[in-house]
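Asks: Submitted below is the structure of interest, expressed as structure tokens.
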């Protein structure tokens with residue numbers, strides 16, 4: 001699973017979810033990609049589930065690139081705990097994804113295989129997404 005090797009601080013503030021993506025809006029490595037249409041926190045487990053769904057479908061052909069990284073810890077207090085007494089412990093790591101961000105890319109496979117593999121990965125993600133091609137248009 002994707003987690004940072006080390007961080008300067010154990011806990012961070014929650015990231016802002018509004019606004020459009022400032023960079024990473026175009027396909028950089030592969031031929032097809034998944035672009036976010038809504039803001040969301042994507043956990044390291046969701047990224048891994050999407051990666052497995054894609055790689056299992058394309059089998060040995062092609063290559064997958066993950067262009068987001070879960071670098072923010074999200075804290076949670078235990079169930080049944082009263083309010084107060086400090087911030088909770090880090091539960092999981094998230095990537096803050098803004099609309100327009102390309103999260104996964106795939107290359108080296110046919111368009112039909114790429115479309116189906118990316119559709120399976122989209123089912124694992126918590127927000128609305130679309131499949132885009134390197135030319136810039138929808139598939």
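The first residue you see is number 1, and the count goes up from there.
Including glycine, each Cβ sits where the backbone N, Cα and C put it.
Take a look at what Swiss-Prot says about it:
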type: COMPBIAS; residues: 1-20; note: compositional bias 'Basic residues'
type: REGION; residues: 1-21; note: region 'Disordered'
Asks: Tell me the residue counts in helix, strand and coil for the compositional bias 'Basic residues' (1-20), as DSSP assigns them.
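Replies: Each residue of the compositional bias 'Basic residues' (1-20) counted once, the result is 0 helix, 0 strand, 20 coil.
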Asks: Hey, which bits of the same chain come close to the compositional bias 'Basic residues' (1-20), Cβ under 8 Å, at least six residues off its ends?
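Replies: Contacts of the compositional bias 'Basic residues' (1-20) (Cβ under 8 Å, skipping residues fewer than 6 from its ends): 39-41, 44-45, 47-48, 66, 69-75, 87, 90, 93-94, 96, 98-100.
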